[in-house]
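Take a look at the structure below.
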Amino acid sequence: MNNYKLIFSTQFKKDFKKFKKAPKKVQDIEMCLELLIKGGADNLPLKMKAHKLIGDYKDYWECHINSDLLLIWFQFDEDKKEIHLTRIGSHSDLFK
């Protein structure tokens with residue numbers, strides 16, 4: 001199985017900076033990203049509730065890193081094997 005390549009959007013980078021002073025959240029985020037690299041959405045545990053979105057984020061994926069920390073990404077499965085990290089934050093931050 002080939003690993004996925006992570007692509008970080010500018011908005012994701014801005015969102016991620018907010019967690020620099022929260023080492024536990026950074027650790028949880030890094031664990032989630034490692035799982036995505038190794039197998040995409042199919043590699044995430046059920047407790048993370050990975051699912052496709054609708055509306056403005058149609059065809060994007062979302063998972064719950066913890067109760068109110070969500071990750072949104074777009075996943076290319078066929079020839080590219082890329083994950084484009086789009087947003088990270090609380091439900092209220094991401095879905096205003």
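Backbone N, Cα and C define each Cβ position, glycine as well.
Per TrEMBL, these features apply:
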ACT_SITE  H91  active site, proton donor
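Within the same chain, residues at least six positions away from H91 (active site, proton donor) with a Cβ under 8 Å of its Cβ are D68, L70. According to its DSSP assignment, H91 (active site, proton donor) is helical.
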